[in-house]
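Copied from Swiss-Prot, the annotated features are:
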BINDING   ILE109, VAL110, HIS111, VAL112, GLY113, VAL114, GLY115, GLY116, PHE117, HIS118, ARG119, ALA120  NAD(+) binding site
Amino acid sequence: MFSYLPRYPLRAASARALVRATRPSYRSALLRYQSSEAVGRTQEIVPGAYQIPPRDFSRQHEEKLAPKNAARAPRRIEPATLKLNSKNLSQLQNVTVPTYQREGVKQGIVHVGVGGFHRAHLAAYVDTLLEQFNSQDWSICGVDLQPFAAPMRDALGSQDNLYTMIECDTEGTSARVIGSITDYLFAPDNCEAVIAKMAHPDTHIVSMTVTESGYYMNENTHELQIDHPDIAADLAGQQPPRTVFAYLYAALARRHAAGLRPFTVMSCDNMQKNGDISRNMLLAFARQQNPEVADWIAENGAFPNSMVDRITPRTSDENKAQLAQEFGVEDSWPVVTEVFHQWVLEDKFADGRPPFEKAGVQVVPNVHKVEEYELIKLRLLNASHSAMGYAGYLGGFTYIHEVIADPTFRKYIRNMMQEEVQPLLPRIPGVSVDDYCNTLLGRFSNPTLKDELPRICLGGSGKIPQFIMPSIAEQIQAGGPLRRLTLCAAAWFRYLRGINEQGQAFKLDDPMAEELQAKALESPFSVLEVKSLFGDDLRDDKRFVAELKNALESLERDGARATIAQYA
């Protein structure tokens with residue numbers, strides 16, 4: 001269920017977790033609360049349950065867990081700053097650190113794409129399993145495939161693969177060292193080592209966060225882009241491999257030849273039916289290479305679908321300085337995130353899995369349960385992010401919390417969610433979508449995250465067709481309202497020109513940037529001609545075309561802020 005509680009098990013030594021759990025702002029308004037009696041000094045948060053923290057804390061613990069408040073005694077000692085590494089771990093006084101022995105833990109998970117979201121999400125859940133439940137077979141070997149990830153290789157390598165997770169909310173900040181990544185491989189340095197690691201019998205899951213563009217799926221046909229230069233190069237056997245599917249196929253082919261079971265391919269990307277997409281793209285790639293191996297994967301493999309949620313901004317120099325000053329930790333690349341986090345995961349695995357549910361993951365029996373949650377999240381949270389991102393950037397804002405603080409933008413987002421998206425969503429027993437929308441507005445308003453709009457705006461070619469256009473298509477079919485949704489698409493089309501309202505150029509961060517910018521500079525309306533994203537149906541609908549033209553004309557004539565006010 002949707003929950004606003006920290007989903008890690010609560011312990012007396014977990015700084016601020018218990019305080020946050022009892023704050024009214026983080027109590028789930030979506031669920032029927034179930035009482036649960038704490039056992040000893042450990043209390044697990046069960047999905048769908050609200051639990052009262054243990055009360056047998058000493059005064060000392062109560063003072064440590066108190067929220068940041070200038071009127072209270074200082075909440076921590078100010079130590080000398082220490083470089084984060086295994087040697088210094090025991091000397092860090094103001095952060096939660098791993099107490100498990102990292103050296104003897106097996107790497108049952110290989111994760112491709114060690115970015116901020118992975119480090120704040122899957123790696124944090126696994127860290128909880130290692131810390132609280134002695135899951136000794138399930139640490140992570142991180143993998144990056146692209147040369148641009150070299151700074152991550154260097155940062156983790158200098159810190160024994162440790163990093164700090166900074167959790168920010170409106171009432172304070174806490175920090176926790178994550179130790180679940182116990183090995184790291186950089187494919188440009190040694191692609192063979194990556195394939196060998198995936199093929200190793202100890203590897204049971206290969207998970208990935210490679211973004212929408214990393215799946216090479218035609219958004220119109222939902223088929224693998226066989227003619228894409230990267231896919232074509234991998235199918236031709238060029239070295240080093242360019243795509244995740246070349247690595248997955250090579251490793252699975254070795255396991256097939258060795259008589260091993262296939263590993264589970266677990267997508268953690270923010271896409272609807274991410275498991276099904278992973279399966280279809282990999283099988284299409286494998287059939288081009290060896291139909292026998294493809295059939296073996298299809299029959300024996302597993303590709304669980306999931307819904308993932310945690311806002312994770314880019315790490316700034318300011319975040320690093322804050323970590324050093326307030327917590328005494330020198331970390332080359334900490335990850336910054338919110339307190340809220342959620343993961344709904346289909347229970348479909350080929351070769352075993354860790355007890356994810358013990359760490360707060362909502363493990364569900366079939367894909368239909370996942371689809372209900374992910375549809376709500378993608379159509380509300382991600383669509384709203386896009387609506388704020390493109391129009392907000394054009395309007396001169398810098399951060400998401402600034403956009404949502406603007407009364408006209410806030411009204412526009414709320415009305416778009418309630419009037420144009422909510423009527424299209426499934427009804428889930430025990431879940432109030434109205435309350436979920438209200439909670440989203442609160443999450444967007446968090447000023448401590450400083451979530452920059454350029455992060456929200458990157459990769460729009462993989463976002464708008466997934467988050468916005470399906471709702472527009474359904475409203476067209478139903479004859480329902482679509483003005484605000486169409487304005488979101490129009491703002492993206494206008495954004496693709498790469499020129500802001502002050503006439504200043506900016507760089508587009510999108511895998512289709514060259515093609516899309518050329519269309520937008522010709523005329524923003526021409527972006528609709530890109531069939532791989534939009535097909536033909538939308539261009540043929542007179543009502544949508546009229547709404548799109550009106551929105552584009554208003555953006556051009558009046559600017560983003562005035563247009564939002566008209567549409568709110």
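Glycine is treated like the rest: Cβ placed from N, Cα and C.
Features recorded in Swiss-Prot, as mapped to the structure shown.
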residue : record              : contacts (Cβ under 8 Å, 6+ apart)
ILE109  : NAD(+) binding site : LEU122, VAL126, TRP138, SER139, ILE140, CYS141, THR203, HIS204, ILE205, VAL206, SER207, PRO354
HIS111  : NAD(+) binding site : HIS118, LEU122, ALA123, ILE140, CYS141, GLY142, VAL143, ILE181, VAL206, SER207, MET208, THR209
GLY113  : NAD(+) binding site : VAL143, ASP144, LEU145, MET208, THR209, VAL210, THR211, GLY214
GLY115  : NAD(+) binding site : MET152, THR209
PHE117  : NAD(+) binding site : THR209, CYS268, VAL308, ARG310, THR312
ARG119  : NAD(+) binding site : TYR163, MET165, ILE178, ILE181, VAL335
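Secondary structure from DSSP puts GLY115 (NAD(+) binding site) in coil.
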